[in-house]
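Contents: one structure, followed by commentary.
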Amino acid sequence: MTDKNYPATGTLAPPAAQDVVIVNVRPYGEGDPVDILIRDGVIAEIGSVDTSGAHVIDAQGNVLLPGLVDIHVHLREPGREDTETIATGSQAAAKGGFTAVFTMANTLPVMDQPVIAESVWMKGQAYGLCDVHPIGSITLGLEGKQLTEFGMMARSEAKVRMFSDDGKCVNDPQIMRRAVEYAKGFDVLLAQHSEDMRMTEGAVAHEGPTASRLGLRGWPRVAEESIVARDAIMSRDYGGRIHLCHASTEGSIDLIRLAKERGAQVTAEVTPHHLALTDEMLESYDGRYRVNPPLREKRDADALKQALLDGVIDCVATDHAPHGSEEKCVEFDHAKPGMLGLETSLSVIAKIFVESGLADWRFVAKVMSEKPAEIVRLPGHGRPIEVGEPANLTIVDPDSPWTVRGEDMASKAENTPYEGIEYKAKVTHTILRGRVTCADGEACVPETHQ
Ligand code: DOR
Ligand code: ZN
């Protein structure tokens, strides 16, 4: 069922007690519709299924995907529960089609101790809408000076398998080198926020003609690319697995391609917003468009799309970054960087790749479920839709037009850059180990929390 080489995850929320049958669904949007019987959290039958006694979901010929996996979100708990919590973030994830998310370490306090990671993991399991995996920080307090105890976090109940100082770059090359060597010993992944911080002091926008015209301090491409190059060389020479968070420039793609050709163990993600939006959005000076790394130019967005199609960039990750309206509805220079992503990503990716004819639903399954699960070596998710596999599944209606409204989000925050935009594809149901966590487009809030 799962790859035995992958470490087991800590105690999981139990599967659903009742059988579920999805009738009239098209796995990967291919072929004739089938029925799927889910029993004890596992896909038990595919074909024409007896529905008696089961909870029936009529999928009306819609698309079935493996449950989506997001390896880069910020759920803000502990510390900023006013902007998001494990509970609201889990609802947003379920509504967006996700069955597993990895939440970043830039919490308050920072996720640099096993006990903090364990509390996040257990809260996610107790809530039960999505597997919420904590990401440990690489350095204590995100201060870039002293490494955290990777081994203790990896062996904790949270089974931390990924470490990142995201929000900040591990700038000091000697600390990064030690982190790479240390990570290799525990076979954990390092996810780097590539930003030479000396080059981005005071920067709020992509360095280019738009920022010059608007009088905004620029964030040059080289600030990202110089770290990508350095880290790729470290991976080549010291052997640890390094993942590039939110690749945003054409040049980063060239470097990742070269590094992969030379056998470095590097992987990369791209966010929906770096694919869909450019720095021209900044003309409005609307704080919603402030994000790190910044929105770039069309040629970067085009290159990122091609790189995802070619497999040079491995996967999509949302970098879901909720902020309060008092932090976003302010002068552009003062707006906090970050955008919501969990509830819009499937629709945005479907529009860019499927509705345009560039790719099919199998591609979406690959870049939003299979690859991210593989990168973090996560058992039970991103698996093929086959008998015997865990029933982590997402149903998508490819033609159900809806309009994005921040106030309608399950997320506590409203900072979506897609406000008022209409999308065609919509997640209708999400299923986690046989339990329905999103039905008819709404997250299924557990009865104990209503
Ligand atoms: O835009 C961003 N927001 N980029 C990051 O790297 C951090 C994130 C946040 O935590 O808000
Ligand atoms: Zn982030």
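Glycine is no exception: its Cβ is also placed from the backbone N, Cα and C atoms.
In the three-state DSSP scheme, Asp319 (active site) is classed as coil. Per TrEMBL, the feature active site maps to Asp319.
The feature Zn(2+) 1 binding site is assigned by TrEMBL to His72, His74, Asp166, Asp319. When Cβ atoms from all protein chains are considered, those within 10 Å of His74 (Zn(2+) 1 binding site) total 25, not counting its own.
Among the features that TrEMBL reports, substrate binding site is placed at His74, Leu75, Arg76, Asn106, Asn292, His323, Pro337, Gly338. The Cβ of Leu75 (substrate binding site) has 33 other Cβ atoms within 10 Å, all protein chains considered.
Here TrEMBL flags Asp166, His193, His246 as Zn(2+) 2 binding site. DSSP classifies Asp166 (Zn(2+) 1 binding site) as coil under the three-state reduction. Other Cβ atoms within 10 Å of the Cβ of Asp166 (Zn(2+) 1 binding site) number 24 in total over all chains.
Annotation comment: TrEMBL describes 61-250 as domain 'Dihydroorotase catalytic'.
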What is the interatomic distance between the Cα atoms of Asn292 (substrate binding site) and His246 (Zn(2+) 2 binding site), given in whole Å?
9
What recorded positions among Leu75, Arg76, Asn106, Asp166, Asp319, Gly338 have a C-beta sitting less than 6 Å from any atom of ligand 2?
Asp166, Asp319
In Å, rounded, how far does the Cα of His74 (Zn(2+) 1 binding site) sit from the Cα of Asp319 (active site)?
7
Can you tell me which of these binding-site residues sit near ligand 1, meaning the Cβ is under 6 Å from at least one of its atoms: His72, Leu75, His246, Pro337, Gly338?
Pro337, Gly338
Cα-proximity to Asp166 (Zn(2+) 1 binding site), 10 Å cut-off, over binding-site residues Arg76, Asn106, His323:
Asn106
All-chain count of other Cβ atoms within 10 Å of Asn292 (substrate binding site):
21
Out of the recorded positions listed (His72, Asn106, Asp319, His323, Pro337, Gly338), which are within 10 Å of His246 (Zn(2+) 2 binding site), Cα to Cα?
His72, Asp319
Spatially speaking, which of the binding-site residues His72, Leu75, Arg76, His193 is closest to Asp319 (active site)? Use C-alpha to C-alpha, please.
His72
